[in-house]
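Annotated features, as they stand in TrEMBL:
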- 16-27: compositional bias 'Basic and acidic residues' (COMPBIAS)
- 132-278: domain 'OTU' (DOMAIN)
- 16-39: region 'Disordered' (REGION)
- 71-94: region 'Disordered' (REGION)
């Protein structure tokens, strides 16, 4: 952090020179604000003990160094003559932007890990005893079907995954139409009198068509339909909840499919990933 402070002081001194005598008061005020912020940052770091921020501060320092050497006025050691007013304005804006980005980066570092990073770490802690790791699936609305497809391929059941995830979507839609009475109560709201739902309604058919023809996100209802039509148990791991099992208890030689469910992935909310066996590392025996 101190190295970044030195960089910032250097940049502001150069800006003060460019501002000239007419803007001397403005330059002095800017320098005073920078010095005050530096003092606050040092005090905050000392209050935290410095240890838990060491790695983040180092990363921020590298970022700040890069910002200040690359953005402010171009080449610092090879001036190309007198600058125009437009060049001076661009240099000032670049310096302000560099300062802002460095400050944001350090604030983020001081706030600790994001919800996404925390969830990923805790999820892996759940998977470690099972000797599993997360296998990333694209977040494109098809994640549930892609994750199930990936599990089928890992299990050697390529025939069940024929046609990729669109085929799984079509099979889920067909299964839910065939067993509408089982799924409609979980898809359609009851009417005002609480009389239940109409499994033959256009609204339910539209739900099935969305599954088949769009990138509509699949949830627990569709997960249950997948387990039923594949006749496989599907186990879902997520942070803060016990593992959820859906489908038959005994899948015989087929084996279970295993997914993980995340609430904070990609900033997009809910998401499904697949899992895969952890590779043997550092001589560990996973037999």
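Placement of Cβ uses the backbone N, Cα and C atoms for every residue, glycine included.
Mean predicted confidence for the domain 'OTU' (132-278): the pLDDT average there is 87. Helix, strand and coil counts from DSSP across the domain 'OTU' (132-278) read 68 helix, 28 strand, 51 coil.
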